[in-house]
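Everything on this sheet refers to the single structure shown next.
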Amino acid sequence: MSVCYRPPGNETLLSWKGSRATGTAFLLLAALLGLPGNGFVVWSLAGWRPTAGRPLAATLVLHLALADGAVLLLTPLFVAFLSQEAWPLGQVGCKAVYYVCALSMYASVLLTGLLSLQRCLAVTRPFLAPRLRSPALARRLLLGVWLAALVLAVPAAVYRHLWGGRVCQLCHPSPVHAAAHLSLETLTAFVLPFGTVLGCYGVTLARLRGARWGSGRQGTRVGRLVSAIVLAFGLLWAPYHAVNLLQAVAALAPPEGPLARLGGAGQAARAGTTALAFFSSSVNPVLYVFTAGDLLPRAGPRFLTRLFEGSGEARGGSRSREGTMELRTTPKLKVMGQGRGNGDPGGGDGGKTEKDSQEW
């Protein structure tokens with residue numbers, strides 16, 4: 001692509017020293033936290049083969065760690081780019097690296113949306129628990145996620161260009177192309193997935209708070225986890241997509257107007273906001289550690305598998321134990337399981353019933 005639309009001012013990704021410094025710091029911190037964190041998640045879940053089959057949630061978390069880890073492996077390239085103010089690879093490398101980044105971005109947000117939908121169904125439709133454990137369903141969902149990510153990431157490679165042999169950044173043939181590409185990326189990679197996450201967790205929290213144990217310790221723990229996931233997702237991706245929208249509006253504005261000049265500012269700020277989005281790939285393992293609570297000292301390195309074993313979805317045996325947490329959120333079943341030796345499917349231990357619910 002020989003001719004590129006450029007906003008007034010001719011700013012590039014490297015124009016602002018502050019954005020470069022912020023971006024470098026976020027990238028280094030993301031790699032420091034995210035590479036070992038996601039590696040640990042892959043190590044914990046990849047070889048875990050419970051008798052009843054790996055829970056769908058665990059499979060989604062595994063692929064989320066793979067997607068996040070893949071993009072974090074590219075951080076040395078971006079650190080070199082920002083610190084040396086020159087792209088270390090050529091034109092082909094420019095397109096290929098940003099394609100992998102976009103692929104990881106779409107896979108991560110789609111997997112996050114699926115994970116929130118799975119949790120919502122597990123709470124509101126517990127009778128679907130056997131189907132949610134189906135390996136065939138997991139394979140179909142994952143195939144759909146990765147195929148969709150492969151297709152949605154194509155524009156990131158098409159519109160990347162090496163400017164002056166030094167700067168790898170977006171290159172659109174016209175303002176209309178720029179506005180369409182940036183708006184579509186924000187719609188498919190933020191607005192729709194984030195809306196799904198918010199909707200699913202809103203329904204989940206409403207259902208859990210309606211349960212008798214929803215105001216206790218587990219209600220607080222689940223509420224904090226949900227809030228952390230949604231807050232991290234929104235805060236870390238919002239600046240990147242705000243720049244997208246700013247540049248999309250600026251591209252369609254009159255060339256001499258103030259909005260058009262804001263497009264150049266957005267271009268210069270993109271290095272920092274992109275690095276902040278990278279940081280989102282390192283947050284999930286940290287959230288898993290905080291979610292584990294007292295499982296961490298008791299289960300040690302295997303706390304993650306114990307966390308999913310306690311979710312009820314991983315349990316084998318009788319069908320009455322499928323979706324244990326979800327079924328026991330209803331007031332009626334909660335009363336039935338309060339006493340010892342009363343025929344409770346979990347073995348007649350009321351304390352164990354409460355403990356199982358709290359481990360979800």
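Placement of Cβ uses the backbone N, Cα and C atoms for every residue, glycine included.
It should be emphasised that the depicted structure is a prediction, and the values quoted were computed from it without experimental measurement.
According to Swiss-Prot, PRO135 and ARG207 sit on the same side of the membrane. According to DSSP, the topological domain 'Extracellular' (246-275) comprises 25 helix, 0 strand, 5 coil. Sequence-distant neighbours of the transmembrane segment (97-117) (same chain, 6+ residues past either end, Cβ-Cβ under 8 Å): 57, 60-61, 63-64, 67-68, 70-71, 74, 77, 89, 141, 145-146, 148-150, 152-157, 160, 168, 188-190, 192-194, 196-197, 200-201, 204, 229, 233, 237, 277, 280-281. In the predicted model, residues of the topological domain 'Extracellular' (162-185) average a pLDDT of 88. Remote same-chain partners of the transmembrane segment (186-206), defined as residues 6 or more beyond its termini with a Cβ less than 8 Å from a stretch Cβ, comprise 105-106, 109-110, 112-113, 116-117, 119-120, 123-124, 152, 222-223, 226, 229-230, 233-234, 237-238, 241, 244-245, 248. When DSSP labels each residue, the topological domain 'Cytoplasmic' (118-140) comes out as 20 helix, 0 strand, 3 coil, counted as helix, strand and coil in that order.
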